[in-house]
Amino acid sequence: MGRYSDVDVIVAPATPAQAKSALAIVRVSGEGCLGLVAHCFRPKGKAPLKPWAPRYGDWMDVEGLVDDVMVTTFRGPRSYTGQDMVEISCHGNPVLIQAIQTSLTNLGARQARPGEFTMRAVLNGKMDLLAAEAVNGLIEANTRYQADLIRRQSHGPLVTFINEQVEQMLQMQAHIEATIDYGEEDIDALQREQLAGKLKTMVDAFKRLEQTARFSLAMKRGFKVLLTGEPNVGKSTLFNTLVRHERAIVTELPGTTRDLISEQIEIGGLPIILMDSAGIRDSNDRIEQLGIQKIYELLHDVDLVLFLNDAAEPREPYPQLKELTQEKWFEVVTKQDLVEESHVAEKDDQMKARVPVSALTGKGLRQLEQQIVIRLSTVMAGQSVYLINQRQEEIISTVSTLLKSAADDFDMGFGEEVLSSYLNAARQQLGELTGETDVEDILDRMFSNFCLGK
Ligand SMILES: Nc1nc2c(ncn2[C@@H]2O[C@H](COP(=O)(O)OP(=O)(O)OP(=O)(O)O)[C@@H](O)[C@H]2O)c(=O)[nH]1
Ligand SMILES: [Mg+2]
């Protein structure tokens, strides 16, 4: 069976192999692994080893005692990989972990490749590819929020979504086939309209799904939030307040901040890269101009732009800025302590979606943080399916493009058989996503990102 043969007995530490810790676990899987373990393990007491029941005893190699260990055996198919498996819990010392592994490789086991245990679980039908990716995602998650998202996804909403979409595609194709095979003429205008409608719904659904990938990626690397506005409106002051230390220089002089300053923080469970920037104005100062230039270059890459406006002298945001940032944008009205309450209330009314704050008194900061979280997570609102990694994003993006082209061609009057061939291509891609087609091809790429022992 070549590379993906799962008849070998594989062994690897499931816990960090190079660090000292109280305990470590060495994992073994494959036909005959119980026999190999029996060569090395001397359980205390006379009773025979029973599956799923941990046993305490000595681990021996040719030189003698290696460590006292707890050994748990699992009988396939009721195990993680679906095969016979053993977990050896030893003291967390790299030397001992290595010795236990070597005692097994000397008997014919081989070192597992990254992700190979999970790969066997997939090959043996214990989980699908998406669930396997969720295993890796959970190990890699940086925040509780991210872990929760991934765990929910691993219970299959994405698979259900894909299966539903594939079913729809098949129905459309069956409909097309039937008319092509038996129809005297082409399908009529009404039927074409119905097909176009279904296709449009499908295009939208995949587009929404595609956008969730950006959210997942940002959950890993941080959401980029930029503070911008005219000089002296209080950007650096607000920045320092949100990052909770005096990171940026604040003065009463306009044009204080020149370079881009960024700091990683967490707001409402979201990792955020907060950025303070030079105030935007028409300036003759070369350094300041360069700073402003930098902001414009950044805009396409940021997730959210807060345009700060001074409550005492509010201005219209630069139209160019508004245009460039489009929906990734909202206004924060600073220095509320300088204006009278009634004045603020009156303004609040006309200035919808503007958040009034005062870095000086702390007023409005909680609402500001809430607004940031709401705005960053809109793409996830009401969305029960989402993508958790680049492989999924690439496939869904391809499907999205295929469906969009199908819709465009169909609108332009191309025949139904053209639509059908687009749908074939899209289904093929979706099969790769869940692992229904070409599993072997995908496995290598996918599992190379896993850690050893998983
Ligand atoms: N009363 C009051 N003053 C503030 C507040 N926030 C900032 N200021 C003052 O406004 C002035 C400018 O603040 P900065 O934070 O440096 O403003 P900036 O937008 O970073 O300015 P540039 O870097 O020059 O573009 C300073 O004197 C601050 O003390 C606030 O909430 N209330
Ligand atoms: Mg500043």
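Heads up, the Cβ atoms here are built off N, Cα and C, so glycines get one too.
K(+) binds THR251, LEU253, THR256 as TrEMBL records it, and from the list ASN232, ASN240 the residue named for this site is ASN232. TrEMBL annotates GLU87, LYS126, LYS454 as (6S)-5-formyl-5,6,7,8-tetrahydrofolate-binding residues; of ARG27, ARG42, ARG55, ARG427, the candidate listed for that same site is ARG27. For PRO254 (GTP binding site), the nearest of the binding-site residues by C-alpha distance turns out to be LYS454; the candidates were ARG27, GLU87, LYS126, LYS454. A simple Cβ count within 10 Å picks out one of the binding-site residues GLU87, SER236, ALA278 as the most packed, and that one is ALA278. Checking the binding-site residues ARG27, GLU87, LYS126, PRO254 against ligand 1 with a 6 Å cutoff on the Cβ atom leaves PRO254, in sequence order. When each of the binding-site residues ARG27, LYS126, LYS235, LYS454 is scored by how many other Cβ atoms sit within 10 Å of its Cβ, LYS126 comes out lowest. Neighbour density for THR251 (GTP binding site): within 10 A of its CB lie 10 other CB atoms from the protein chains shown.
A Cα-Cα distance of 7 Å separates ALA278 (GTP binding site) from THR256 (K(+) binding site).
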